[in-house]
Amino acid sequence: MGFYLDKSFSIDFGTKLESARSLILGVPFDSTTTAIPGSRQAPLRVREAFFQKETANLNLYDLGNLVCVPANITETGKRVEYTLREIRKKSSSPIFTLGGEHLITYWTTKILEPDILFVFDAHFDLKDQVNGEKYTHCTFLRRIIEETNIRIIVVGGRAFDDDEKLFVEKHKEQLIFTSSFEKINEICKDKKTYISVDVDVFDPVFAPGTGTPESNGLDTRQFFNIFENLNIDLLGGDVVEINPLLDDKANRTSVLAADVLFELIKKSQK
């Protein structure tokens, strides 16, 4: 299992893989970015912030970082999928992935097979292709809809083009836009759910360190209010699109991403 894992980036929580209740995996891949690359540095920066958290009551195991192949989408995807399959042979605990870019959600959900994919994102990520490439951080959600029956809930979406809007109209049964935690809980009841958080869902005031910021986003109070009221069976999740190269001196976005990761893990262990 360790063939594609670099443990030098991991936090030692004093637990074993087989007994841990939640797992952390870094996937430092950002080769399809359409803005400034740098999210590959985020797993390290988010871990640095996460290390300051009170994790004594959480049963965690950090798998380290996947060894990605820069600019090679196909090979990196194979490595993600292989590694997750190997992890699943040893543990059925929820897996939480640190990006890296949002394409990683395509690979993780392919292996974990949730019933519901719950996405916080400023963008619809429903483009058919970008510069001739079908698998990118802008297209991954369209691929999931085309290739699976996973129902998708999107919160925070506000940036889209006409083609994406038309795609939404054609897939209303599978693709749901809502911020009502009552409706979300109703949809997710008795369903295995995966939560993906793109930090650009937040207003840039709260998360300046991301490649494609969009104004009029969620504030932290809105986000955590939705999150705290969720009653779901959490299979796993990810936090993606943090770019430390664009963050402020206080590393505000990495700190916020660590907060999100912390809440995801707490939710999985309730």
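Glycine too: its Cβ is placed from the backbone N, Cα and C atoms.
Look at TrEMBL and you will find His102, Asp121, His123, Asp125, Asp198, Asp200 tagged as Mn(2+) binding site.
The Cβ of Asp125 (Mn(2+) binding site) lies under 8 Å from the Cβ of His102, Val119, His137, Cys138, Thr139, Phe140, Leu141, Arg142, each of these being in the same chain and 6 or more residues away along the sequence. In sequence order, His102, Val119, Phe120, Asp121, Ala122, His123, Thr210, Val240, Glu241 are the residues near Asp198 (Mn(2+) binding site), counting only same-chain partners six or more apart with C-beta under 8 A.
Apart from His102, Asp121, His123, Asp125, Asp198, Asp200, the residues listed for Mn(2+), the same chain places the Cβ atoms of Val119, Ala122, His137, Val201, Thr212, Val240, Glu241 within 8 Å of the centroid of those Cβ atoms. Counting Cβ atoms from all protein chains shown, Asp200 (Mn(2+) binding site) has 28 others lying within 10 Å of its own Cβ.
DSSP gives Asp198 (Mn(2+) binding site) a strand state. In this structure, the binding-site residues His102, His123 were compared by how many other Cβ atoms lie within 10 Å of their Cβ, and the smallest count belongs to His123. Counting every protein chain shown, the Cβ of Asp121 (Mn(2+) binding site) has 25 other Cβ atoms within 10 Å.
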